[in-house]
Amino acid sequence: MMKYFYASDLMFLLTFTCLVLLQSFSRAEKLILNSCNTTSNYTSSSQFKTNLNLLLLPSPVSNDSRVGFFNASSIGASPNTVYSLMQCRGDISMEDCSTCLNSAKVEIVSQCPGGKNAVLRANPATNSVVFNRQVGALIKNLITNAASNASRFQIGLINYTNTENIYGMAQCTGDLSETDCLSCLQNMTQAVSSPCQNKEGCRAVCASCIVRYEKQPFFDLSLLLPPPPPPPPQAPGPSPPDPPTGNVVAIVVPTVVEIPVLLLAFCAYLKWRRRRIVSKKSRRRLKRGENIPGINGGSIEPQESPQFALDTIRNATNDFADANKLGRGGFGVVYKGTLSNGQEIAAKRLSKSSVQGSEEFKNEVMLLHKLQHKNLVRLLGFCLDGEEKLLIYEYVPNGSLDKHLFGLLYLHEDSRLKIIHRDLKASNILLDDEMNAKISDFGMARLFGVDQTHQKTKRVAGTFGYMAPEYVIKGIISMKSDVYSFGVLVLEIISGQQIINQNQADSSKDLIRSAWMHWREGAHLEFLDPSLTSSSPSEVMKCMHIGLLCIQNNIEDRPTMASVALMLDSNSAILATPSPPPFVSESESHPSEWESVPNVGEA
């Protein structure tokens, strides 16, 4: 076919494809100009231009065969004949094909002005508004049904276009109640709403639940079909039945199917029973004054950990009144209280049903009695009474966030124990009356050996947004995991924004992407919280620079906390150039391409 087109003619090849080249959508998808030959051109007043305008008039498309669209045509007499070839793929609707071709007719002249030979290929821009709306509807339906199903599992699909579907799945572990399952799935969905915005596929996974959607089916579609109707009853035969083969099949088949289910249920019961026995033994040991095994061979020593009576804490907190509630963490609720001697306390009441809460209890009691620093919250004691597990801290009145760097440096390098916090976030940094910051909540902390650099865990737990990518994806924790969280905190402080803003649907407001884009554009002050406008611009720029160094995607590129302390203290330190943080696409690394960047990120 190509032999019919020459340099003196204008050949338009508008090929409409629907290949998914990226996981994410572009906000303003560009039509790709494959070639533009201007060795032979035309003028705006020529007959060629007149013929070209007629050929490129907007027009509807149709195809009775419903398998793609193809059109080869020409207009005008030689030497001013204009030829065109237009084609859409067979799986594209005629409506989408018409929209794309009419847009391409405008773009090909704009991108190859005056040229008599041009080829343009169009990758369709996905309607992200419609897509996100359909994803939201699908996920909402899935998590509601998954929570209410006895299996805590649900799959489904929803139409996106006439020819495309979105496939989704939601599942919780079998030990969760309907309420807990729904809460887990809802929290998971909210936490990844920004990274997954405009994504053609996304998976969000935590220890107890998972949410996933894709544009391609990733499960057996036959599972969506309703079960076949029962066979019609057979008419009784005139003769006595043969040996009861039918009865044998009816009994054996269900038994074979149910054996794996029963084994799984039995294993789950044994695991639950073992944890319950360990928990009861731990409580008995503490009450008898014995040690409880902690992490990495450590132990909780009752003589170092004053044990409070439950009635004492009930009286101090007015029986855990809502008016005394300070906040809710991952494992329980924190209440303010006042002891009979007038001392103010903060009592964390661990969830009675949380196995993770028991592990957190042992972790926190052991670690906080072995760590002493002015920037760490002080544990006053604990309470064990039946199913009640409480941790009693000093009361730290201010809820804002300020200098907390030196507490983290102490944990990593200066204490006799090397501690990785794992859950460093704004709500875990408390301020006392004199605005001295104190790191709290050591429930998920990990104790490292002197020469240990990293650790791999099967249970990823923490707060989305603050968790380093290698921890979320591979379960790898290290000192650099805390450095990443610290970097996020720095960016939060100077911008006055939260890493996850549930009220902001626009993915461009994502904190990490926003910080990176302002940095690359040199618009540091635009990223600054208005309340800090009187601060020194150079100090703001330095804090932003250090924050971006801490959240670099490559673990090795992130500084240590000792280096961060030096950089913050010094006015002459030369800072390295930060590399792009996670969840920033390749195109966002280059300022010239920022106008049409996709939102990339997967949890």
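Cβ coordinates are placed from backbone N, Cα and C, and glycine is handled just like the others.
As recorded in TrEMBL, the features of this protein are as follows:
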SIGNAL    1-28  signal peptide
DOMAIN    113-218  domain 'Gnk2-homologous'
REGION    224-243  region 'Disordered'
COMPBIAS  225-243  compositional bias 'Pro residues'
TRANSMEM  248-270  transmembrane segment
DOMAIN    320-584  domain 'Protein kinase'
BINDING   LYS348  ATP binding site
REGION    578-603  region 'Disordered'
Three-state secondary structure, LYS348 (ATP binding site) (per DSSP): strand
Under the DSSP assignment, what numbers of helix, strand and coil residues are found in the domain 'Gnk2-homologous' (113-218)? 35 helix, 34 strand, 37 coil
C-beta crowding around LYS348 (ATP binding site), within 10 angstroms: 27
